[in-house]
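So the structure is just underneath, and the comments pick up after that.
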Amino acid sequence: MNNLQNYFNLYIRPNLEANPFFKYVILVQFIGFFISLFKPISDLLVLVPSTLFHLHLWRLITNFFVERNLIVLLWSFYCFYQFILYIQPNWSVKESLKFIVIVQLSSTFLLVIFSLLLFISTSVVYTFYKIEIFGGCALAMAALIALKQFLPDTVLFTTPYGRLKNGHLPICSFFVFLICWIIGLVRGTVIFQIMLSLQISWTYLRFFQERGGMGEQVIGDRSEHFCWASFFPRIIQPFATLIGRFTFRSLHRFGLLKRVIGKEHLDYMQENSLQMEALECIQVKSVGTAVLAPEGWDSERKRQKALRMLNERLMASNAIASSENSQKQLHESPSSPQLSKGFGGLKRKKGLTNLNNFNKHYLLKILKKIMKN
């Protein structure tokens with residue numbers, strides 16, 4: 001219990017104070033969770049595919065606030081917390097809202113279309129008139145995709161089988177929820193919402209997101225760590241690359257992307273390099289010409305990672321210092337302050353201060369070294 005309290009004081013509380021917006025997200029999600037307990041009210045908020053054809057357009061927005069599964073709710077909290085902590089400070093408010101609207105509406109519309117096609121092909125009434133679409137799991141997965149793009153190599157914890165990084169979270173979340181669906185812990189629509197969100201958010205960030213850097217307009221992210229195959233284990237990456245290739249060719253075929261090189265150049269572009277090389281020579285309609293991502297984007301990513309490591313180490317050293325001071329005060333006797341002082345209490349305090357100064361100086365040197373690289 002003390003370890004959980006220390007973890008909360010070290011990591012959660014400072015971030016809540018620095019990011020008050022997260023408090024409102026938690027509040028809205030909890031309100032939606034309690035509203036979900038009252039079925040007559042929640043039925044007015046969730047989206048049933050057939051109701052969209054009755055022009056119940058408010059359900060496109062209100063279905064996000066309804067969540068009846070505690071597992072999905074807690075997972076969404078974690079994803080939104082990571083997004084607000086690391087991604088939102090580096091994006092503008094306009095870009096964040098644009099990303100949210102694109103992922104939420106696109107995944108919802110596609111799920112409605114799939115249910116309609118399934119109803120037409122199978123005549124199963126449940127798929128179109130009974131199935132309910134709600135929850136923020138689509139946006140939660142999109143937050144993990146953005147986190148993979150920005151801080152893919154951050155290690156969350158180490159296991160005997162390897163290290164879990166931010167880049168592993170999207171595919172791990174998908175398989176965990178797939179297992180939960182098989183054993184009946186979550187509803188089936190969660191799996192489809194997560195799958196659609198993963199594809200939509202990656203496509204947007206990979207090919208369409210506008211960023212400014214080094215005085216240039218940057219469109220998309222051609223980084224090797226963000227190709228489609230990087231979401232999957234190495235053994236199935238060659239098969240996963242086919243999906244990324246299909247996505248690029250489909251976007252071009254529908255006119256969303258326009259290549260300015262000849263068709264013969266695409267013939268020898270191989271698997272992982274296909275999407276990266278293609279981004280060097282495409283332009284997006286009504287947006288402008290896509291240019292190579294400047295070095296400033298990678299530098300910003302390294303800087304954020306270094307700042308995070310520095311803050312964590314400083315908070316840890318401050319926590320150690322405060323715990324040492326509290327233990328010292330408990331062991332000192334108020335009736336004999338001279339005795340405590342004579343046995344090294346004052347020297348211990350000075351030594352602790354010197355240790356903290358040394359840690360800060362050493363961490364600042366590490367930060368400068370990382371920034372130079």
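Glycine too: its Cβ is placed from the backbone N, Cα and C atoms.
TrEMBL does not curate its annotations; it predicts them automatically.
TrEMBL has this to say about the protein:
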TRANSMEM  21-38  transmembrane segment
TRANSMEM  70-87  transmembrane segment
TRANSMEM  99-120  transmembrane segment
TRANSMEM  127-147  transmembrane segment
TRANSMEM  167-186  transmembrane segment
REGION    321-343  region 'Disordered'
COMPBIAS  321-338  compositional bias 'Polar residues'
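Across 21-38, 127-147, 167-186, stretch 127-147 shows the highest tally of CB pairs under 8 A with the transmembrane segment (70-87).
Taking Cβ pairs closer than 8 Å, the transmembrane segment (167-186) reaches residues 69, 71-72, 75, 137, 141, 144-145, 147-148, 152-153, 156, 194-195, 198, 225, 230-232 in its own chain, all 6 or more past its ends. Sequence-distant contacts of the transmembrane segment (127-147) (same chain, six or more residues past either end, CB-CB distance under 8 Å): 29, 42, 45-50, 63-69, 72, 75-76, 79-80, 82-83, 86-87, 99-100, 103-104, 107-108, 111-112, 115-116, 118-119, 166, 169-170, 173-174, 177, 189-190, 193-194, 196-198, 200-202, 205.
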